[in-house]
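Here is what TrEMBL says about this protein:
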BINDING   13, 14, 15, 127, 168, 200, 295  UDP-N-acetyl-alpha-D-glucosamine binding site
DOMAIN    6-145  domain 'Glycosyltransferase family 28 N-terminal'
DOMAIN    193-349  domain 'Glycosyl transferase family 28 C-terminal'
Ligand SMILES: CC(=O)N[C@H]1[C@@H](OP(=O)(O)OP(=O)(O)OC[C@H]2O[C@@H](n3ccc(=O)[nH]c3=O)[C@H](O)[C@@H]2O)O[C@H](CO)[C@@H](O)[C@@H]1O
């Protein structure tokens, strides 16, 4: 009983990978005998992060379509055809009962071939603005699990279910104490700690901001956990000290959240969902480089409920210092923001998505 097979595909950035891992973990809890296969894009983050989470992954040779004319674009049709063939073989061999797509280009070929073979497909869209892959796949999906109202403007209304974004349970349930986190980061448990998150790939502008403000942070007696991103690590790693810990990527986000008295973060959908669950005061600095400026919309939704502070990149030079000083010196502000953001959490998201997937499973196997 319950020997189901699930294929999951999504990736390119953590924002697409971790929801897929959270969904797989929930299904595994319900069906310990089930088998899981992830499909990602060769060379991208998922090829490393999915095996770390204990799942098998196969890689397709695919990239996104660039907006401008480039050699990469000329190769796109070749890569797409090759990926469709490979995805076809993977699906034919694995024979999943359900295919789950969490966005990002690798999920395109996989869900396309799965739906053509009559395998029920479920999509999960993290953002308030639908990604191109999910939009293309929407017609073929049985259900589309979303986190924001109004997603019917992108997807067929009868397929949309508002569930919220799945968050890895380890970030919430197993959240360690500040003591444990301090030992892990080699910092002092009693000292105020700022955690800086640049999104799964790191943020150039947030890194520059931090580098310019290390004097201020030191003056305020604050210690720092700084996730700068893999591509920026060489530039910033030497700034680490007894009170400043620089990371390319944080593998223990649970401990980073446990350590934080305040957070500076990009406003990716996953970051915002996690921050709501952990209920920490945050200054959101949305990336202006994403489709339809959706991170600003994610951040604005929090600001509207007095649940976070937002600073646009264009305001950093003029406002960051004053805003940061005020937050650092006001336990009341931190407490209020932390409480308000916690009210935005949707802690049942993963379970509700798994419920939707369950409805599509054959009853007897
Ligand atoms: C630049 C870009 O394209 N950003 C998009 C990307 O963001 P990005 O990939 O940054 O994703 P999110 O903020 O949604 O989620 C980041 C995920 O990575 C994890 N994490 C992050 C840093 C770290 O050191 N360790 C770690 O584990 C977080 O816990 C979280 O689970 O996908 C999001 C969800 O589709 C979008 O809303 C973002 O606009």
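From the backbone N, Cα and C atoms, a Cβ is placed for every residue, glycine too.
Counting only same-chain residues six or more apart in sequence, the Cβ atoms lying under 8 angstroms from the Cβ of residue 14 (UDP-N-acetyl-alpha-D-glucosamine binding site) belong to 45, 49, 199, 200, 201, 268, 270. Spanning the residues 13, 14, 15, 127, 168, 200, 295 that the record associates with binding UDP-N-acetyl-alpha-D-glucosamine, the maximal Cα-Cα distance equals 21 Å. There are 26 other CB atoms within 10 A of the CB of residue 15 (UDP-N-acetyl-alpha-D-glucosamine binding site), with all protein chains counted. Long-range Cβ contacts of residue 295 (UDP-N-acetyl-alpha-D-glucosamine binding site) within its own chain (separation 6+, distance under 8 Å): 266, 267, 268, 286, 287, 288. If you count neighbouring Cβ atoms within 10 Å for each of the binding-site residues 13, 127, 200, the highest count belongs to 127. In the three-state DSSP reading, residue 15 (UDP-N-acetyl-alpha-D-glucosamine binding site) counts as helix. According to its DSSP assignment, residue 200 (UDP-N-acetyl-alpha-D-glucosamine binding site) is coil.
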